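Undergrad: Quick one: structure below, then a few questions.
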Amino acid sequence: MIGQRPPAPRGGLHSAEAADVRKDVFQTPAASARALTKTFGRGEAKVHALRSVDLDLPRGRFTAIMGPSGSGKSTLMHCLAGLDQADSGAVTIAGTDLGSLDDDELTIFRREHIGFVFQSFNLLPMLTASQNILLPFELTGCRIDEAARARAAHLAEALGVANRLAHRPAELSGGQQQRVAIARALLLSPDLLFADEPTGNLDSAAAAGVLHHLRRTAHELGQTVVMVTHDPVAAKYADDVIIMQDARIV
Amino acid sequence: MRTIFLASLRTFGRRYIAAQIAVSASVALIVVIGVLIAGARAGIMAADGAPYRKADYVIRAPKDDPQRRPSCCPGTLNTAAAIDLIARLGENASGLGRVALPLRRQDGAPLRSGNLRDETTVGPIANAKELRWQALVTGRLPAGIGEVVLHVWDANAMNIAIGDRILVGEGPTVAPLEVVGFVESPTTWTQASMYVTWRQYLQWRDHPTFHIGSVAVRGKIGRLPQGMTAYAPEAYVTESLARLNNGTDALALLLLLFVCVALFISIMVVANTFSILFAQRCRDFALLRCVGATKRQVTSSVWREAAVIALVASAAGTLIGVALGYGLIPLVNALAPRTPMGFPRFPAFWLLGASALGLVVTMIASLVPTRRAVQMSPLAAMRPDVPVDIHTAPGRFQLALAVALLVTGLVSLAFAMIEDSKVLMVAGGASVIVTILLIGPLFIPPMVTACGTLLGRYGRLAAANAARNPRRTATTTTALLIGVTMTTAVLTGLATWRTAIDAHRDTRLPIDVALTSLNKPISTTLLTQVRQTAGVEHAIAVNGAVARMTGLDAPIPVLAARNAEQVARDGGRFTKVAPGTIALDLDSFASRGGTLRIRPGSRVTVRVGNRQADLRVVLLSGWGKAGVIAPETLKLLTDSPEPHVIWARGSRGANWLQLVDDLDELADATGGTIEDRLQARAAGNRQLDVLEWSALGLLGISVAIALVGIANTLGLSVLERARENALLRALGLTRKQLRQILAAEALLLSVVATLLGMSIGIVFAWVGFETFVVRALRAATMEVPWISLSVVMLVVALAGLLSSIIPGRQAAAVPPAAGLLLD
Ligand SMILES: Nc1ncnc2c1ncn2[C@@H]1O[C@H](COP(=O)(O)OP(=O)(O)O)[C@@H](O)[C@H]1O
Ligand SMILES: [Mg+2]
């Protein structure tokens with residue numbers, strides 16, 4: 001776990017190791033989906049959200065999933081992240097078939113392998129920024145030790161929120177909230193970081209800051225990042241772009 | 001999870017205040033009852049237990065002793081055997097008993113006070129200091145034959161001073177006694193007006209009322225004579241207490257029922273609080289689940305929160321209860337000096353039980369909301385819309401359950417009426433209430449909406465707000481509904497009972513006061529004086545003659561009343577006796593020491609002068625020591641009937657004690673006597689009053705808890721609607737208008753709850769009437785106390801309005817801009 005590593009010197013996010021990881025970028029995908037199908041509703045009101053989607057997400061890259069509203073981007077992401085069950089098809093992350101896990105196993109798997117950043121409401125309002133960042137660690141049931149604190153401080157520093165750590169979410173700007181959310185998502189060094197419209201609620205300057213940090217995460221930390229967006233400007237920050245239309249990848 | 005748990009407590013702790021109030025109130029209620037029961041027990045030990053406090057054993061007759069001595073005092077010891085035993089044990093034994101004896105001053109002047117007429121009760125005082133239970137007030141205790149101490153109350157009443165000489169007893173056993181002191185003694189069955197040494201007491205051993213009820217013994221008893229059993233003093237008093245409790249069983253049951261109602265309402269208020277708070281926090285829970293909290297982690301965090309809330313509430317409730325309970329004891333002592341309460345030790349059992357119950361109630365209440373919160377899919381965090389209450393409408397299972405419960409409930413109630421079964425009645429009532437709880441969301445919101453349209457613009461807005469969370473509105477309303485249902489049922493039940501009892505008493509006690517003058521006929525002056533006495537509604541003189549009757553030593557008046565309906569409470573029905581019969585007042589003849597030897601149906605000879613008639617006896621009650629005969633029969637006995645009796649009726653609301661005193665004086669002055677049934681009537685009324693007010697007080701607590709629930713629901717909803725309220729304010733709604741909308745909402749909830757609760761309560765009362773009252777009093781009819789019910793309705797509606805004040809202030813305090821920024 002990266003969580004136990006010593007903090008890297010200021011300015012770089014483990015660039016040396018990132019280079020190592022990059023070598024096998026194309027060897028095993030970070031996540032793959034096969035023949036994912038999902039519908040909502042029944043009869044007349046039946047809506048196809050995913051029609052037999054196949055997808056491989058390469059390791060260590062920043063992938064954007066683009067498409068018009070209602071094309072199934074979010075549904076795909078939910079299925080990939082184990083938040084929702086597809087009607088048929090399989091999702092494999094880090095060699096594990098998500099379909100074989102029960103609710104508790106899936107939860108623990110999510111905790112250890114997947115990080116999330118949502119459009120809004122990322123942070124628990126009653127916790128401070130630093131408590132929010134440390135939340136995934138706390139959920140593992142371990143005592144919060146110096147190493148975890150140091151890693152949280154380091155991530156906060158790297159994301160530019162180090163001086164806001166004692167504040168509650170209500171006292172942070174939208175951009176700051178999203179960056180705190182990214183720091184939390186990265187705390188346990190997940191295999192995959194999912195971001196659903198992370199800049200949807202932000203002005204362009206704040207959005208640029210968040211996107212910048214997401215890209216650095218991929219490039220300097222070797223983190224696999226998947227971002228859902230319908231904003232072409234946001235998609236420009238990504239390494240790869242997948243376009244969805246009418247519940248299919250085109 | 002600790003961080004989350006602590007942060008949640010810090011952030012949301014204040015929102016649990018209403019739930020805590022509900023739990024604290026219930027816990028406090030139980031603790032108060034516990035302290036008062038312990039206090040009553042301590043009081044009884046201090047009073048009834050006083051003669052045995054320093055004793056090692058109490059000797060009394062076994063419970064199933066076949067030969068019970070004097071008819072006045074059943075269950076006493078064999079006098080000779082008891083005297084022998086006490087003689088053998090000497091200083092270590094103290095005999096306890098009484099004898100009723102005539103009393104005069106030594107110069108022959110009579111001594112009387114109130115009901116005591118030239119008669120007194122005398123008890124023994126123990127030889128050993130340790131076994132004496134009378135407390136000396138002034139003077140000294142009797143040292144030997146010829147000395148007596150008086151109870152200070154009797155001494156005051158009879159105007160006796162220390163050093164006075166009195167004559168106690170009659171004939172060969174008359175004893176001249178010198179008063180050497182005054183004592184006080186607790187109210188036990190051994191209490192007497194005066195106390196003498198054991199040796200003196202034994203002088204009256206052949207008097208018919210002389211008895212030894214029990215013997216308190218220090219140290220070893222040795223061989224116990226036949227027909228005696230030894231008890232430990234504690235056990236003896238506890239057993240006496242149990243006998244006393246038999247009479248108060250119904251009260252204990254009532255208390256238990258009311259505690260259950262309070263607990264049930266608390267559960268609903270607490271469950272509602274949790275539901276609302278968890279609905280507001282469901283996105284937090286979903287987010288937690290997203291970032292990797294397992295269901296169990298979320299559950300345990302929520303449970304720990306609930307446990308802390310419960311602990312704090314239970315502790316507060318226990319403290320309040322103890323303070324209130326111990327505070328009430330002196331108050332009860334001041335208000336009801338005849339049933340003194342002691343200061344008990346902490347009733348640990350009650351304290352622990354109540355706290356545990358508070359804990360359990362809170363945990364039970366948090367069960368369903370917690371399950372729902374945890375069932376939340378993690379995805380919910382990402383939906384942009386704020387999900388509110390999750391399960392709003394009752395599901396198919398709940399509907400089926402509700403129908404099943406309703407059917408079994410109604411069938412149980414029906415059978416309860418047919419079979420007169422209390423258990424079925426309570427079970428049926430509970431089923432109906434649970435049904436309402438289950439399907440409340442279906443019909444309560446429409447009712448609220450319907451009432452809302454009556455209230456105009458604010459009413460409609462308020463109704464829309466209330467109808468949007470059917471489950472929440474239904475639970476809030478049902479909590480109050482239950483309180484109102486019980487209040488209505490109890491009020492109606494007691495009103496019916498009171499009317500029935502009154503009707504029953506009117507036939508049993510038709511004449512309030514009877515003034516009898518045997519020696520000379522009643523003068524018109526006396527009749528006028530009686531009629532002019534304050535508190536007399538009307539009085540009539542009844543014609544008759546003074547007669548001697550077989551089976552009775554003293555002469556009695558025989559009367560033929562023509563216009564008894566003017567004063568009799570039964571309309572004079574008791575005077576309509578057939579010719580050839582004589583009606584006798586059973587109670588009057590039975591009360592004085594012996595029983596009436598005349599049986600109903602037996603024949604007696606009634607003689608006036610030298611004429612006589614053979615009459616058949618009918619036993620009735622309620623007009624004093626006189627025979628009632630038909631006018632035809634009276635004609636046979638005398639040609640010149642004269643009035644020997646005045647019958648008077650007391651007016652409603654008058655001071656009856658004063659009235660009886662005044663008439664007593666009139667009677668004394670003319671050499672007559674009076675008998676009254678007013679005191680029995682007043683005592684009966686007082687009992688019903690106490691029952692009614694305690695029932696209402698206890699239910700008031702439940703209703704108050706339910707009203708706290710309304711304030712709570714409103715307060716929490718206000719937080720939830722902060723953004724909407726801000727929008728309304730931005731669009732031009734004034735603060736006052738916003739407060740009015742909330743007031744309308746509170747009013748709607750309480751009025752709907754009251755209307756429903758009263759309807760159900762009247763039905764319950766009818767069931768209770770058919771189950772209990774009709775069985776006891778066939779002629780009873782149901783009485784609905786519309787005036788009391790209207791008062792209840794008004795009070796609850798006002799309290800509902802009151803409960804909207806704090807939420808209204810909260811809502812109005814948020815500036816529109818701040819509200820719009822809230823997430
Ligand atoms: N919970 C749901 N219930 C019903 N339909 C849904 C639900 N979630 C998504 N859909 C439907 O599935 C389709 C895909 O939705 P989504 O994946 O959210 O699209 P996108 O994120 O690309 O806007 C849409 O037509 C949407 O209406
Ligand atoms: Mg979407």
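First residue shown is number 1, and so on along the chain.
Here the Cβ of each residue, glycine as well, is placed from N, Cα and C on the backbone.
If you look up TrEMBL, you'll see B:21-44, B:250-279, B:306-329, B:349-368, B:399-418, B:430-456, B:477-497, B:693-719, B:740-766, B:786-806 marked as transmembrane segment. Per TrEMBL, domain 'ABC3 transporter permease C-terminal' is recorded for B:257-378, B:698-815.
Looking at the shown structure, what environment does each listed feature sit in?
TA: Long-range contacts of the transmembrane segment (B:21-44) within the same chain: residues 237, 240-241, 244, 255, 259, 262-263, 265-266, 269-270, 309-310, 313-314, 316-318, 320-322, 324-326, 328-329, 332, 339-345, 347, 349-351, 353-355, 357-358, 361-362, 698, 701, 704-705, 708-709, each at least 6 residues beyond the stretch ends and with a Cβ under 8 Å from a Cβ of the stretch.
Per DSSP, the secondary structure of the domain 'ABC3 transporter permease C-terminal' (B:257-378) breaks down as 103 helix, 0 strand, 19 coil.
Beyond the ends of the transmembrane segment (B:477-497), by six or more residues, the same chain brings 258, 261, 264-265, 268-269, 272, 433, 436-437, 440, 444, 448, 688, 691-692, 695-696, 699-700, 702-703, 705-707, 709-710, 749-750, 752-754, 756-758, 760-762, 764-765, 768-769, 772-773, 780-785, 788-789, 792, 796 to within a C-beta distance below 8 angstroms of the stretch.
Long-range contacts of the transmembrane segment (B:693-719) within the same chain: residues 15, 17-19, 21-22, 25-26, 29, 254-255, 258-259, 261-262, 265-266, 268-269, 272-273, 276-277, 280, 465, 469, 472-473, 476, 479-480, 482-484, 486-487, 490-491, 494, 725, 742, 745-746, 749-750, 753, 796, 799-800, 802-804, 806-807, 810-811, each at least 6 residues beyond the stretch ends and with a Cβ under 8 Å from a Cβ of the stretch.
Below 8 angstroms of C-beta separation, residues 429, 432, 436, 444, 447-448, 451-452, 455, 458-459, 461-463, 465-466, 473, 476-489, 492-493, 496, 706-707, 710-711, 713-714, 718, 782, 784, 789, 792-793, 796-797, 799-801, 803-804, 807-808, 811 of the same chain, each at least six residues beyond the ends of the transmembrane segment (B:740-766), sit close to that stretch.
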Undergrad: May I ask for the residues of the chain that lie six or more residues beyond the transmembrane segment (B:399-418) and have a Cβ under 8 Å from a Cβ within it?
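TA: Cβ under 8 Å, 6 or more out: 424-425, 427-432, 434-435, 438-439, 767, 770-771.
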Undergrad: For the domain 'ABC3 transporter permease C-terminal' (B:698-815), what does DSSP give as the number of helix, strand and coil residues?
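TA: DSSP composition of the domain 'ABC3 transporter permease C-terminal' (B:698-815): 101 helix, 0 strand, 17 coil.
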Undergrad: Over the domain 'ABC3 transporter permease C-terminal' (B:698-815), what is the model's average pLDDT?
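TA: Looking only at the domain 'ABC3 transporter permease C-terminal' (B:698-815), pLDDT averages out to 83.
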